[in-house]
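*Asks:* The structure follows.
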Amino acid sequence: MGDEAAGGAASIAANREILPANVKPVHYDLTLEPDLEKFTYEGTVVIDLDIVEDSTSITLNSVDLDIHSTTIIPENGSEFKASSISLDSDKQTATVKLDQTMRAGSKIKMTQKFSGKLTDHMAGFYRCSYKDAAGNTKYIASTQMEPTDARRAFPCFDEPALKAHFTVTLVAEKNLTCLSNMDVAHEKEVLNADGKSKQSVTFSKSPLMSTYLLAFIVGELKYIETKAFRVPIRVYATPDQDIEHGRFSLDLAARTLDFYEKAFDSEFPLPKMDMVAVPDFAAGAMENWGLITYRIVDVLYDQKTAGAATKERIAETVQHELAHQWFGNLVTMDFWDGLWLNEGFATWMSWYSCNKFYPEWKVWQSYVVNDLQQALSLDALRSSHPIEVPVKRADEINQIFDAISYSKGSAVLRMVSMYMGEEKFLEGIRLYLKRHAYGNTTTSDLWAALSQVSGKPIEAVMEVWTKKVGYPVVTVQEKPDQKVISIKQNRFLRTGDVKPEEDTTVYPVVLRLKSKKDVDETVMLTDREQDLKLPELDFFKLNADHSSLFRTRYSPERLEKLGRDAKAGLLSVEDRAGMIADAGVLAASGYQKTSGSLSLLQGFDNEPEFVVWNEILGRLGAVRSAWIFEDVQVRDALKTLQRKLTSSKSHELGWEFSENDGHVLQQFKALMFGSAGAAGDQKVLEAVKDMFSRFSSGDYSAIHPNLRGSVFDLVLRNGGEKEYNVILDRYRNAPTSAEKNTALRSLGSAQQPELVQRTLDLSLSDEVKAQDIYMPLAGLRVHPTSIIARWEWLKNNWEAVVKRLPPAFSMLGTVVQLCTASLSTEEQLKDVQEFFKDKDQKGFDRSLEQSLDSIRAKAGWLRRDRDDVKSWLESHGYLGESKL
Ligand code: BES
Ligand code: ZN
């Protein structure tokens with residue numbers, strides 16, 4: 001197994017599409033002068049190159065740039081002639097041919113003058129817009145280089161392993177703020193061709209770093225600053241924002257940097273840290289070294305108008321990007337197939353630190369119902385991929401920023417940290433960071449450091465998890481007379497149709513066997529099957545606290561017994577939530593009956609914990625959305641079940657918030673309120689009506705921030721045009737981006753066809769930025785008619801969608817997935833396949849495959865359990881005469 005895996009890694013590396021290694025960049029001197037009226041920029045780059053082999057050509061990356069001139073000057077000698085330059089738009093390269101041979105061991109300076117466009121694709125050096133107080137549209141220029149768009153900003157050797165030093169100069173109007181990764185080294189006045197006086201700002205030389213971490217920003221910006229950390233930290237925003245809303249992130253950043261320096265025993269090496277709220281931003285945030293960029297809602301927090309969930313998201317994002325300053329920026333993956341070393345780590349680290357700063361948030365509990373489930377969910381599709389997946393081209397690289405790299409990656413780290421113990425794990429991390437600072441690594445380097453400090457064979461246990469796709473379902477059979485359980489592992493697929501050739505991997509499973517006495521942290525399943533002797537069989541559970549990556553399949557009797565054990569207090573919150581998740585997913589995949597999972601859910605009506613409820617409602621939600629095109633009576637019965645489950649808890653918790661409500665309680669109230677309301681609870685709906693009517697007459701504080709999304713959603717589900725217009729108006733006029741987004745996300749809940757159409761039209765209109773298109777679309781999921789309308793809309797507007805979101809950038813895949821993954825019948829599956837059959841799927845092929853797989857899984861589930869669910873609903877009184 002080890003050998004095979006190692007061979008796999010070698011071939012991954014051999015198949016990479018990378019630049020020739022005949023030269024090596026050492027230093028870039030880059031000057032850029034953006035024009036915020038023409039949306040173009042002029043640039044000059046001087047690259048110091050070491051010549052590694054005798055050569056007559058230089059190939060570097062460049063996309064959509066006009067390279068005007070290239071000169072090459074050897075260290076000692078006179079200028080070489082560049083005889084020609086050729087561009088390869090497919091490989092995204094420019095090749096300079098020389099009339100002389102550059103000798104191995106020598107050094108040259110290559111200078112290129114070029115110009116580029118400030119596009120609005122949120123990649124490379126691009127433009128962003130915002131409205132000033134007078135309502136005029138204003139622009140700033142900003143960058144997003146990761147993964148492979150530095151080559152859109154300037155000609156460069158755009159690979160993570162080709163680290164170099166950078167000295168950046170920005171030339172701009174004097175009233176504009178210029179920022180880059182480093183602090184300002186010197187500024188001077190320059191007169192440009194038309195005699196205008198401008199500032200030329202040169203930043204200090206950067207440490208050795210990868211191109212994808214470079215950043216520069218030019219625009220009208222204001223800031224707040226803290227000196228609470230060793231180096232100054234600032235939060236910047238455009239003038240339309242209230243900069244004080246950056247205070248929470250600013251203070252958290254100071255504490256977090258300090259915490260990380262100590263935890264990693266490694267000083268943050270840059271002279272400052274700037275964090276900027278960028279008005280147009282494709283992702284949530286980007287960890288550029290010393291200049292982190294954020295989507296506005298992920299960094300600016302208005303305590304008065306935002307809820308607990310928003311605060312948690314911002315804290316997570318800030319701590320994630322700051323963790324990257326070490327994991328990714330200081331120590332960088334060798335190539336993109338090692339992306340998980342960046343993203344898995346930053347994700348794990350953000351919880352680790354969040355848990356230290358806000359223990360009352362209980363983020364490791366949320367992890368079980370959020371990231372762990374996302375990982376297990378995607379990785380149960382045939383179209384999933386190993387954590388370390390060969391990727392060659394830009395469009396392939398873009399698509400692996402997914403739940404495998406982030407969530408499975410962090411789950412693997414959670415697993416190994418529990419296996420080693422958190423302290424040892426951190427010790428290993430410190431060693432890894434020290435050993436590889438300013439360098440590049442592969443996954444083996446990480447395992448080596450962890451093995452060294454722990455003395456345990458970490459690589460042998462862990463490499464399967466990153467090199468192989470999927471994870472197992474562990475089936476438990478009991479032999480009560482011998483006090484033995486027989487366990488067996490098989491690859492788990494959501495479609496429930498694993499073929500023998502797909503079931504060849506034997507995963508080293510950390511079983512974490514829980515008994516009345518304790519948790520056995522060492523016992524592992526390293527073969528396909530194994531017998532385990534237990535002291536007694538009255539109570540046991542595998543995967544204690546769900547920190548391992550597998551699902552457990554118990555007998556129906558044992559599952560019922562575990563339900564009772566849960567009530568008796570033998571299971572932790574994580575155990576209860578994880579067990580409910582496993583049971584629900586196994587039912588959806590045909591390993592068990594859905595009726596059994598519904599009975600289990602029903603038994604949890606007295607559950608006291610938020611996280612467990614989150615999972616209960618998530619599982620019921622999964623049934624309801626797979627059943628969304630089924631008979632209305634059955635759908636109503638499921639809704640009645642939801643009401644039965646949630647009403648009393650939501651009434652008990654109430655929907656008033658006080659100063660003393662903890663972070664989790666606030667979210668608990670909001671969750672139960674929203675679910676009960678969506679299930680038709682009359683008391684909740686009356687409260688909604690009351691809040692919304694006060695809100696409509698201008699009292700915006702009538703809806704508590706924690707409830708805003710639910711109230712909008714419920715009002716629209718049950719309302720019409722009048723309500724729609726009030727919420728649309730709020731989208732247009734609310735003072736903060738967070739509030740605007742809540743409105744935009746809920747518009748899709750309206751049912752009338754005209755309103756569905758308005759939401760669809762709105763998503764492609766000028767009123768919605770490209771960064772937000774997915775929000776109104778995501779809302780169209782509560783009525784079967786809107787799911788179908790959304791899919792029809794995508795088919796009818798395909799060209800327009802592709803034009804707005806070109807496949808070279810990352811958002812097309814999101815939209816394809818959104819518009820297709822809620823479908824659930826065989827006919828719909830065929831329709832989707834038919835539509836995309838002749839289309840070029842570059843840039844979204846992975847998303848589409850995953851969507852198709854998830855439709856297949858739902859269609860199979862319905863085929864198997866349609867009658868089972870119906871008869872369960874009947875026999876429990878939810879269907880037919882006796883409506884509860
Ligand atoms: N490195 C990513 C940003 C990124 C994402 C670049 C996709 C290129 C493609 C950044 O560190 C990140 O992971 N951001 C997350 C936020 C985080 C809290 C999970 C994001 O953007 O959602
Ligand atoms: Zn990240």
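Heads up, the Cβ atoms here are built off N, Cα and C, so glycines get one too.
Unlike curated records, TrEMBL annotations are generated automatically.
Residues or ranges marked as active site, proton acceptor in TrEMBL: E321. Annotation comment: TrEMBL describes H320, H324, E343 as Zn(2+) binding site. As annotated by TrEMBL, domain 'Aminopeptidase N-like N-terminal' applies to 24-213. The annotation domain 'Peptidase M1 membrane alanine aminopeptidase' is assigned in TrEMBL to 248-465. The domain 'ERAP1-like C-terminal' annotation in TrEMBL covers 539-857. According to TrEMBL, the site 'Transition state stabilizer' annotation covers Y406.
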*Asks:* Helix, strand or coil at H320 (Zn(2+) binding site), per DSSP?
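*Replies:* For H320 (Zn(2+) binding site) - judged by DSSP and reduced to three states - the answer is helix.
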*Asks:* Whole-number Å distance between the CA of H320 (Zn(2+) binding site) and the CA of Y406 (site 'Transition state stabilizer')?
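*Replies:* Given the Cα positions, H320 (Zn(2+) binding site) is 11 Å from Y406 (site 'Transition state stabilizer').
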*Asks:* Count, for each of the recorded positions E321, E343, the other C-beta atoms lying within 10 angstroms of its own C-beta, and report the residue with the smallest count.
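*Replies:* Fewest other Cβ atoms within 10 Å, among the recorded positions E321, E343, is found for E343.
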*Asks:* CA-CA, which of the recorded positions E321, H324, E343 lies nearest Y406 (site 'Transition state stabilizer')?
*Replies:* E343
*Asks:* Just to verify a number: CA distance, E343 (Zn(2+) binding site) to the residue listed as 'active site, proton acceptor', in angstrom, no decimals.
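*Replies:* That comes out at 10 Å between the alpha carbons.
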*Asks:* Based on Cβ atoms within 10 Å, give me the single least packed residue among the recorded positions H320, Y406.
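*Replies:* Y406, out of the recorded positions H320, Y406, has the fewest neighbouring Cβ atoms within 10 Å.
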*Asks:* Once H320, H324, E343 are set aside, which residues in the chain still have Cβ within 8 Å of the Cβ centroid of the Zn(2+) site?
*Replies:* E287, E321, A323, F327, G328, N342, F345, A346, T347, M349, S350
